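Colleague: Here's the feature list from TrEMBL:
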{"type": "TRANSMEM", "residues": "A:12-35", "note": "transmembrane segment"}
{"type": "TRANSMEM", "residues": "A:42-64", "note": "transmembrane segment"}
{"type": "TRANSMEM", "residues": "A:70-90", "note": "transmembrane segment"}
{"type": "TRANSMEM", "residues": "A:102-123", "note": "transmembrane segment"}
{"type": "TRANSMEM", "residues": "A:143-167", "note": "transmembrane segment"}
{"type": "TRANSMEM", "residues": "A:195-218", "note": "transmembrane segment"}
{"type": "TRANSMEM", "residues": "A:230-261", "note": "transmembrane segment"}
{"type": "TRANSMEM", "residues": "A:273-289", "note": "transmembrane segment"}
Amino acid sequence: MITFLQNVLDALSLGSLYALTALGIGLIFGVLKLINFAHGDFITFGAYALIIPSSADVAQVLVGGWSWELLIPTVCIAVIAIALASDYLVFRPLRGASPPTLMAASFALSYVIQNAIMVIYGARPKSVNLWPVLGDQTHVGPLTIPNLNLVTIAVTLALMVGMTIVLRRTSVGIQMRAAAEDFRMARYLGVRADLVIGLAFVISGALAAVAALLLVAQTGSLTQTMGQPIALFAFIATVVGGMGSLAGAVVGGFVIGAIVIMFQAYLPPDLRAFRDAFAFAFVILVLVAKPSGLLRAKGLVERV
Amino acid sequence: MSDARSAAVAFLRAAWTPAALVAALLAVVVVASALGAEGGQVAITEMLIRVVVVIGIYVFAGNSGILSFGHIGFMCIGAYAAGWAACDPEWKGLMLTGLPAFLAEHRYPMPVAVLGSAALGGVAATLFGMAITRLSGIAASIATFAFLVIVNSVYANWDTVTAGTSSMVGIPAVVGPWTSLLFAAIAIVVAYLFQISGYGLMLRASRDDAVAAASSGVDIRRLRLIAFGVSGAIVGAAGGVYAHFLGILTTDTFYLDLTFITIAMLIIGGIGSLTGAVVGVLFITLVIEVLRALEAGVTIGGAAIALPHGAQEVGLGVLMALVLIFRPQGIMGGQEVPSPFPPAGSGRLRAGRIPESENGKFVEPVR
């Protein structure tokens with residue numbers, strides 16, 4: 001029972017990371033119908049923003065050494081800047097292009113960011129010790145919980161609540177939801193496209209920055225491909241949850257996190273190496289049973 | 001007389017595109033051999049194998065309008081299938097204890113091994129295709145990514161069958177420019193025959209307007225599945241040929257980098273036509289070779305210039321983004337090689353341009 005609870009906490013923590021990422025991907029998809037493959041590289045960029053650009057083997061921490069009140073906004077601003085720059089340089093010229101074209105463009109963008117980071121920082125992994133206090137553990141009764149898991153879950157919940165309030169209560173949030181539902185109709189009714197799209201990239205970038213910090217705190221190392229696996233799982237999460245549904249992206253993220261952790265815990269030991277294969281195969285089975293995902297989004301079925 | 005003549009013209013008309021493409025590749029091989037550049041043979045062979053891969057992806061993605069990021073998974077499956085067939089039985093007995101007897105105890109020649117690769121690639125694609133053809137276009141694209149991850153994870157960890165954590169060695173490296181040219185020619189002919197067949201035409205119709213095609217009685221799901229199977233078999237065969245070119249296999253070869261390069265080739269050449277697929281491979285190979293040379297360093301007017309390591313990839317990515325922005329239909333714009341035998345009245349042989357809306361799902365109707 002205790003191990004099961006422990007696993008549930010692990011699943012919640014991993015699911016939080018996937019949910020944050022899937023939400024960032026889902027927001028952009030909702031507004032632009034763009035599957036942003038570069039989201040994982042936004043995360044990587046956020047992590048690299050902690051150190052001084054150089055190809056030396058030992059990382060010199062700059063932003064990473066600041067106090068958290070200063071560090072978090074700085075990394076957020078850095079990632080938001082690259083997200084907005086990506087939109088301006090790549091996606092804005094492609095407004096109105098078909099979803100497969102947009103997807104291919106974001107694939108190219110991802111490749112460019114990843115390799116540009118390699119050109120600037122060198123190919124070797126670097127180690128960064130961010131917030132060592134999070135490595136400690138808290139004991140609650142018989143449970144041993146890494147502080148990082150608690151922080152991850154708490155931060156995710158806070159961001160979800162915050163986003164729900166923004167999306168439901170503020171004017172700009174309601175405009176975003178309207179745009180996600182039917183972009184053309186929303187524009188007819190006076191929603192400013194640039195504002196909504198820009199805001200989607202800002203929020204998506206901020207979510208990527210938070211994911212980056214949680215990831216660095218967890219792994220303590222930087223590589224050019226560090227964001228990729230998370231983004232891959234998050235893509236699958238958006239499909240499982242139901243493409244175009246923001247709640248679906250979050251639910252999908254937690255579902256994938258739970259699947260991965262439970263496979264890790266309960267598969268026979270010699271099959272554990274195949275955990276990811278089982279997780280993804282399971283996801284494909286879910287999709288065969290429910291092709292439009294767990295939460296079906298409105299307004300995505302083409303009407304003739 | 002006139003019957004024979006018109007039959008000959010009809011044949012020329014039908015055979016023009018594949019013949020022209022094969023001739024172009026032949027010319028590249030001949031010129032490269034004549035120049036005898038160091039390492040040229042290797043680069044040409046790799047390029048021709050990539051022609052097979054990209055054509056394989058094109059058979060599904062080009063005809064159906066659904067981008068696939070998972071085809072390198074079929075290449076991995078095909079390559080390892082060829083490895084199982086062609087490795088030294090002694091080594092297999094030692095390292096790959098999980099293989100069935102007919103593979104573990106025998107060694108098969110390259111053509112048999114490659115046939116096996118194509119068969120396994122085709123079967124895997126058909127099975128996986130049954131799942132993804134149920135999804136909408138864009139969700140299907142993401143699901144193909146899931147497939148790539150599954151294949152990579154399984155092949156990297158299944159030690160008794162793939163020597164996952166180490167690598168599979170001792171496959172006879174018998175493939176050179178001429179053998180790979182033969183396979184490229186076969187791929188071109190197969191892809192072209194598929195594209196002008198009833199299946200190909202109906203699938204293209206569904207790509208251009210899914211609703212109209214479905215209401216004309218086109219069974220889109222079934223056609224997508226057939227195309228997926230055929231394209232999986234072609235890419236699987238390419239994997240088998242690649243195994244006989246490399247002689248040594250690791251799963252890292254068949255992952256995101258190769259996926260990116262092949263997708264970039266297809267999109268930059270033009271996803272809407274077979275010619276686009278071939279032109280894309282030729283063009284991007286040239287670009288990569290030039291950037292690689294620049295990374296190694298060149299001397300211009302006494303000044304040595306060398307791009308930093310990784311500049312090749314950045315350049316390729318920027319090029320792909322630029323093509324998507326300024327020429328979204330790619331270099332060929334969905335057209336085949338211009339033919340000197342214009343079709344008389346029949347539009348049967350002309351591959352249409354892809355309209356702006358490639359796959360009906362999320363595209364708003366143009367009014």
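Positions of Cβ are set from backbone N, Cα and C atoms, glycine also.
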Colleague: Counting Cβ pairs under 8 Å to the transmembrane segment (A:143-167), which of A:12-35, A:70-90, A:102-123, A:195-218 comes out on top?
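Modeller: Comparing A:12-35, A:70-90, A:102-123, A:195-218: A:12-35 has the most Cβ pairs near the transmembrane segment (A:143-167).
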Colleague: Output the single range from A:42-64, A:70-90, A:273-289 maximising the number of Cβ pairs under 8 Å to the transmembrane segment (A:230-261).
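Modeller: Stretch with maximum Cβ contacts: A:273-289.
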Colleague: Based on Cβ pairs under 8 Å, which of the stretches A:42-64, A:70-90, A:102-123, A:195-218, A:273-289 lies most in contact with the transmembrane segment (A:12-35)?
Modeller: A:195-218
Colleague: At a threshold of under 8 Å on Cβ distances, which of A:42-64, A:102-123, A:273-289 pairs most often with the transmembrane segment (A:195-218)?
Modeller: A:42-64
Colleague: Counting CB pairs under 8 Å, which listed stretch among A:42-64, A:70-90, A:273-289 touches the transmembrane segment (A:102-123) the most?
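Modeller: Against the transmembrane segment (A:102-123), the leading stretch is A:42-64.
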Colleague: Excluding the flanking five residues on each side, which residues at least 6 beyond the ends of the transmembrane segment (A:273-289) place their CB within less than 8 Å of a CB in that stretch?
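Modeller: Result: 236, 239-240, 256, 259-260, 263-264, 267.
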